[in-house]
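Here's what TrEMBL has on this protein:
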TRANSMEM  131-151  transmembrane segment
TRANSMEM  188-208  transmembrane segment
TRANSMEM  220-238  transmembrane segment
TRANSMEM  244-267  transmembrane segment
TRANSMEM  288-307  transmembrane segment
DOMAIN    313-385  domain 'DUF1736'
TRANSMEM  374-393  transmembrane segment
TRANSMEM  405-426  transmembrane segment
TRANSMEM  432-451  transmembrane segment
REPEAT    457-490  repeat 'TPR'
REPEAT    491-524  repeat 'TPR'
REPEAT    525-558  repeat 'TPR'
REPEAT    559-592  repeat 'TPR'
REPEAT    661-694  repeat 'TPR'
Amino acid sequence: MIPNQHNAGAGGHQPAVFRMAVLDTDLDHIFPSSVLPPFWAKLVVGLVAIVCFARSYDGDFVFDDSEAIVNNKDLQAETPLGDLWHHDFWGSRLSSNTSHKSYRPLTVLTFRINYYLSGGFHPVGFHVVNILLHGGISVLMVDVFSVLFGGLQYTSKGRRLHLAPRASLLAALLFAVHPVHTECVAGVVGRADLLCALFFLLSFLGYCKAFRESNKEGTYSSTFWVLLSIFLGAVAMLCKEQGITVLGLNAVFDILVIGKFNVLEIVQKVLHKDKSLESLSMLRNGGLLFRMTLLTSGGAGMLYVRWRIMGTGPPAFTEVDNPASFADSMLVRAINYNYYYSLNAWLLLCPWWLCFDWSMGCIPLIKSVSDWRVIALAALWFCLIGLICQALCSEDGHKRRILTLGLGFLVIPFLPASNLFFRVGFVVAERVLYLPSVGYCVLLTFGFGALSKHTKKKVHYNIGKNLADKGNQTAAIRYYREAVRLNPKYVHAMNNLGNILKERNELQEAEELLSLAVRIQPDFAAAWMNLGIVQNSLKRFEAAEQSYRMAIKHRRKYPDCYYNLGRLYADLNRHVDALNAWRNATVLKPEHSLAWNNMIILLDNTGNLAQAEAVGREALELIPNDHSLMFSLANVLGKSQKYKESEALFLKAIKANPNAASYHGNLAVLYHRWGHLDLAKKHYEISLQLDPTASGTKENYGLLRRKLELMQKKDV
């Protein structure tokens, strides 16, 4: 008699998936669960950005527009196009000692095209282009914020996971309407900042593309995207000087996010003199070092060419332009520079007053530490140091990534305007905050989500959830009941209480609570799904199916609900429907291990071994380190007499989870069939040590022992 393999789990199916409905940083309380699809989200953001600044379309040429456009001969057809590459932003030769040294030929070229298409100096066309550019950049921000909040995790087929649609939409809307952008959009010369931002963001997204391609097509394609990113950075610099800072941002992104460089971990290893520091994977990452070399070489090349073009050195500014930079005392200069930084931060946080020109003594110098304005410096650095510590040292990788990139976007594009490397010709300029405002929107959105997480829940609900997470269900029930008593319409407390009662097999009360929750809030998808689970346990299958369908109606992309619906169909022997439901779950969430496992097990149990094998291989391609998938596929391969491959998967699963009795038991069955009887005996014994009550393993072990005894008698 040949023994049979046994699939893990009673009844052959994985357990139901429960979801506690906690309003966390998913921002469900701002956007509905059926958030706008990406196309419509971008359309809304673009329209909001355009409408917000549309009133500036009929403005005149004002302030710097006169010098950069009306009096700039480079816009007129009589001036050869080649002169644009030798003149500064204002039309003066770069070699002149009086040149401002602002080298932005691509921006001037767009002015010239505007002039040609408008048939002269008609400001409407110039303003419309600025408004449309801001709308387009705001649309692009949806993708940028999706990377910043969701990260760069891909399936083997190149599909990005964790798109963070709610956070991306909220941050993009904040960017689209931020008042500090007024100077850039309403002032025509602000086009330099708009064009710079456009190519800056394209460069960043291109760099992100390199990591998708490196997983899919190899080094050459990845290198192409890095080189394209450097090229787009150069284009951004030809629109405005700060465009070159995208290379620094890309480097920070690569090291801290892609390379997962954990400062806290490194510091701890240094303090404890951990020898594993010597083999730090990031230091041995050839791809990272190659990309850093490309970025450094590209940046150095851009700076060299830029310096050669400037010809006579940096521009000359007067004390009126930037009084602090002419102060004799280094301490006075440092204090005032930091005060300017705090003013810029305040303009981002609270743009209560805006000004096109902050020179001419608008901001008096701080000449003593007794000046009360020093408090602003302390507040700024207190906040920055706190954020930097969290960004570099937090044990939460998701939090580290968001804070690091938020600070990166906030600080790095601002560096050319910081007076740290060279003197600039202004005190405060709102236009230079266009790109740093991206980082501000990231930090504000993250902070808003974190704040809502802690303030929207009631105290009793919080305590109940904490107790439930610690396994103290009895105390959790008491606090959840109190939360419902204090607020009879508190549907989230009802939902969580219903889940605990279901686990304690108090099904009738669980059904009553969950039914009440969906009556109070009919679009509460999680409660509908959990109600379906309870009704399924009560053998009320039609009602359970209806509840699952209602959950999917209110949350179309709900993989866990499709998974539980599949379990219902499997219980009803509706195998095709079960497979379709589980397939939907994996389409929506490719890493849904339970749905993959149930498909493999069902196909295995119904004798469809070839199809089960195909599904198992597809699942492992997406989730290569899931030991339960290895186990299920190994069972299928064993039944298909692919013993060698089956053995390899069993051993790999056991290495990942060595205390799983069923893994050893089924490997023993494989060896039993294969004729490796000594190995079969060994793993039967390990399995029985781990689970002495496994009847199937006992039976198979008994068969093996009798067979070995017969063989010994024959030998004698």
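Just so you know, the numbers here start at 1 and follow the chain as drawn.
From the backbone N, Cα and C atoms, a Cβ is placed for every residue, glycine too.
Taking pairs at least six residues apart, the transmembrane segment (131-151) and the transmembrane segment (432-451) share three or more Cβ pairs below 8 Å and count as touching.
Each residue in the repeat 'TPR' (491-524) gets a DSSP state, and the totals come to 27 helix, 0 strand, 7 coil. Remote same-chain residues near the transmembrane segment (288-307) are listed as 103, 210, 223, 226-227, 230, 233-234, 237, 241, 244, 247-248, 250-251, 254-255, 258-259, 282 (criterion: CB distance under 8 Å, separation of at least six residues from the stretch ends).
Sorting each residue of the repeat 'TPR' (525-558) by its DSSP state yields 27 helix, 0 strand, 7 coil. Summarised by DSSP class, the composition of the domain 'DUF1736' (313-385) is 36 helix, 0 strand, 37 coil. In terms of DSSP helix, strand and coil, the repeat 'TPR' (661-694) has 28 helix, 0 strand, 6 coil. DSSP assignment over the repeat 'TPR' (559-592) gives 27 helix, 0 strand, 7 coil. Over the repeat 'TPR' (661-694), the average per-residue pLDDT in this prediction is 91.
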